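Here Swiss-Prot flags Asn160, Asn216, Asn342, Asn405, Asn594, Asn600, Asn662 as N-linked glycosylation site. Residues or ranges marked as region 'Disordered' in Swiss-Prot: 323-353. The feature signal peptide is assigned by Swiss-Prot to 1-18.
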Amino acid sequence: MRFSTLVSLAAWAAAALACDSCSEPGKPAEHKRLVRRMQPEALGALTKPKGPLEWGQINFLHTTDTHGWLEGHLKEQNYGADWGDYSSFVKHMRQKADRLRVDLLLIDCGDLHDGNGLSDSTSPNGVISNEIFSRVDYDLLSIGNHELYVTDVAYETFANFSKVYGERYVTSNVQIINKETGEYEYIGSKYRYFTTKHGLKVMAFGVLFDFTGNSNVSKVIKAADLVQESWFIDAVKTPKPVDLFIIFGHTPARTDDKFPTLRTLRQKIQELRPGVPIQAFGGHNHVRDFVVYDETSTALGSGRYCETLGWLSMTGINSRTFRGSMKPRGVPNPTRRAIKGNATTSTQPYQHPRKGLDLRYARRYLDWNRLTFAYHASKSQDRQFDTQKGLKITHDITDARKQLNTSTVLGCVPETYCMSCVPFEAKNNIYQLVIDMLAKVVVKEDRADKPRLLLLNTGGVRFDLVKGPFTKDDEYIVYPFKNQFQYLPDVPYSIAKELLDALNKGPYQRRSEEYSPMAPQLSTNEVCANPSPEFVQLKRREAPQPYRPITRRTIDSSMLYPGYVTSDDFGLDGDDTPHSKIPYFKVPIDIQANASFPTNGSMPTVVDLAFVDYIGAKYVIPALNKLGGKYSASDIQSYKDFGSSSFLREYALEFWQEGLPNCTTN
């Protein structure tokens with residue numbers, strides 16, 4: 001009942017956001033055609049997994065940074081499963097765990113929206129997608145920074161989503177002001193102590209990195225302060241038996257001085273309870289990664305955007321109450337000790353951290369598609385794979401997308417544009433397209449004749465753009481942030497012309513505490529595949545899978561198709577499906593367009609300097625002043641606010657109408 005009500009309310013709100021008719025501005029568009037949607041018509045994966053998963057004493061399925069991608073990837077073959085397919089897979093895997101007499105836990109590390117039309121077409125974001133997400137029965141969940149930027153979203157998470165999961169939604173260092181009492185309280189539980197189905201005693205803490213970009217109704221406690229709090233120390237030192245500590249949350253699995261959260265918790269727990277195994281799960285940086293901390297503690301990171309499902313298995317945990325199988329029969333078992341570079345069963349001398357403790361691990365990164373899920377779910381065929389619950393979720397996703405008009409076609413993209421598969425200067429680089437968009441549609445009408453420079457940070461672009469129908473969904477996917485442009489009028493051109501270079505030599509412009517700009521990458525036959533830009537982390541750990549267009553051709557099953565190629569502390573064999581590597585080219589921090597410059601080739605004396613609001617006061621003003629300007633935030637004025645629309649939509653409605661209504665992908 002709640003889902004149908006939510007969809008109806010969201011559809012009513014979405015109607016106000018519908019685009020104008022392409023031929024008659026001001027008249028709502030009436031595109032009947034929906035682009036190829038997820039669910040049964042989704043593109044099938046080309047390559048099956050390399051072999052069965054290892055099953056241990058305790059096993060984990062791990063998701064993170066789904067960002068609303070519950071429909072799956074409509075145009076990417078390797079990520080074609082939707083949340084209903086995943087739900088069916090979870091049921092099969094839990095049944096398999098029961099047959100093997102082992103434990104299986106589901107863990108999610110937050111960031112549930114901002115990046116897809118299904119999650120971002122509602123107000124607040126996530127009203128529909130959170131309800132669909134919550135139909136999968138997770139054992140542990142944590143909060144992400146994208147749940148805290150906007151006050152309405154934070155309260156939606158607190159009032160509804162957290163209540164669905166109860167004590168399983170763990171927010172050890174995140175609090176919110178209760179509207180009724182005016183006091184801070186934890187959004188979820190502070191910790192969770194529980195016993196697994198087969199008797200393991202587990203203590204779990206769920207954390208967010210030291211985030212400072214939250215709205216003023218919430219509070220994030222720094223990890224260094226958290227571990228000194230009496231309740232945390234008491235929980236770690238509980239007189240109850242603890243066989244395994246789980247520390248998980250929205251923070252990178254691979255720790256450093258910038259993101260020390262998991263390291264801080266691990267070290268404190270080891271100080272108070274030496275010898276007890278610690279398993280960590282991370283997210284936020286959108287990468288596949290497995291990290292060996294020491295002989296009894298490792299961490300798993302499982303990508304982003306419903307592209308990756310992480311798998312981890314462990315064997316060797318000492319427990320007086322465990323009544324399952326340490327080494328289940330009929331399936332491979334974990335064999336690797338927690339030693340960096342341990343690509344095979346270790347034969348080197350090993351110092352047991354605790355008498356009788358010999359932990360063995362296995363990890364795998366699963367591509368998010370039905371072929372992968374069916375293969376690992378006892379090699380089920382499609383008819384056997386689908387569950388009634390999974391089919392209902394699939395149906396509801398399809399219905400919600402229709403009601404929210406996310407498949408409404410706004411234009412026909414003439415070519416495929418990627419973020420980093422080709423050099424920045426190449427015509428098929430998406431930033432060259434965005435530069436053209438800025439020049440043509442971002443204009444203050446009463447100053448249209450004034451020469452202008454327009455700046456945008458590349459981190460705001462989150463996805464590639466494939467040739468074919470451009471939908472409302474694509475609008476959210478490519479650039480999910482609000483489009484408010486500001487400006488400084490009549491800036492001396494002698495200063496303004498130096499600004500782009502100064503910004504690109506300056507600090508990286510993360511969206512508040514964002515780790516780095518990330519986006520799944522696409523390709524066509526004419527454009528090479530590409531990974532996500534990771535300007536800060538130039539030592540890449542993987543390259544995301546590109547979209548391969550719909551074509552009628554013979555598939556060579558022996559080929560390696562482009563996708564993730566991951567290197568982690570266990571080596572190069574973590575990817576469940578083998579892929580070929582993908583090219584990667586760096587991108588600048590900011591891009592610039594110019595418009596209304598003198599037609600005779602001369603340079604203007606002054607220009608209007610426009611920029612997206614995110615970079616204005618924090619980056620543009622300081623950079624201008626270093627170049628000799630004398631500006632303050634109070635000098636910034638509104639230039640153009642696209643409101644519920646976007647510069648992408650405006651561009652599509654004006655320049656991408658050729659080929660409609662029969663626009664096809666490749």
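Including glycine, each Cβ sits where the backbone N, Cα and C put it.
Given the structure is predicted, the values throughout are model-derived calculations rather than measurements.
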The one of Asn160, Asn216 whose CB sees the fewest other CB atoms within 10 Å, among these glycosylation sites: Asn216
By Cα-Cα distance, the member of glycosylation sites Asn216, Asn405, Asn594, Asn600, Asn662 nearest Asn160 (N-linked glycosylation site): Asn216
Spatially closest candidate among Asn216, Asn594, Asn600, Asn662, the listed glycosylation sites, to Asn405 (N-linked glycosylation site) (Cα to Cα): Asn662
Surrounding CB atoms that lie within 10 Å of the CB of Asn662 (N-linked glycosylation site), all protein chains: 8
Using Cα positions only, nearest of the glycosylation sites to Asn662 (N-linked glycosylation site) (Asn216, Asn594, Asn600): Asn594
Fewest-neighbour residue among glycosylation sites, criterion Cβ within 10 Å, set Asn405, Asn594, Asn600: Asn600
Rounded inter-Cα distance in Å - Asn216 (N-linked glycosylation site), Asn600 (N-linked glycosylation site): 51
Between Asn600 (N-linked glycosylation site) and Asn594 (N-linked glycosylation site), the C-alpha gap once rounded to whole angstrom: 15
Asn160 (N-linked glycosylation site): secondary structure state under DSSP, collapsed to three categories: helix
